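First the structure, in the form of structure tokens, and then the observations on it.
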Amino acid sequence: MARMRILGRFGGEAGRPRRPEREAEIREHLANERTLLAWVRTGVGLISLGFVVERAGALAAVAGAEGASDVFGLALVALGCLTLVVGTAQYFRNRSMIREGVFASRAAPYMVVVAGSLLLAAAFAVYVLL
């Protein structure tokens, strides 16, 4: 009896009847949530890196060195926040499209984050080389 309850709870034979017509939609929603979590992980990583870069610059300033790490740290934090905003907007957009049964991919939100990352990397490379 207990085994049947456990199987029922985890989708075994004693569970609720399956609705195959909804399984694809459920998988799409779960994939959308995983994608949001990837955006959040990336944004939080960029924000954390920005704080580390800024703090490293503060420590270097105490030692008498000059640098622009505070600018690069702030830029990383801003890029991380932008990543969180873009990822969240994409999540809600995709969620509504999944519910409506349509999908139209847009590259613009991704390109904004990629362009920001490339600009920041180029600025850092120029700073290091000069």
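Just so it is clear, glycine is given a Cβ too, placed from its N, Cα and C backbone atoms.
For 27-96, the entry in TrEMBL reads domain 'DUF202'. Residues annotated as transmembrane segment in TrEMBL: 44-65, 71-89, 110-129.
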Beyond the flanks of the transmembrane segment (71-89) by 6 or more, those residues with Cβ under 8 Å of it: 35-36, 38-40, 42-55, 57, 109-110, 112-113, 116-117, 120, 123-124, 127
Helix, strand and coil residues within the domain 'DUF202' (27-96) as assigned by DSSP: 64 helix, 0 strand, 6 coil
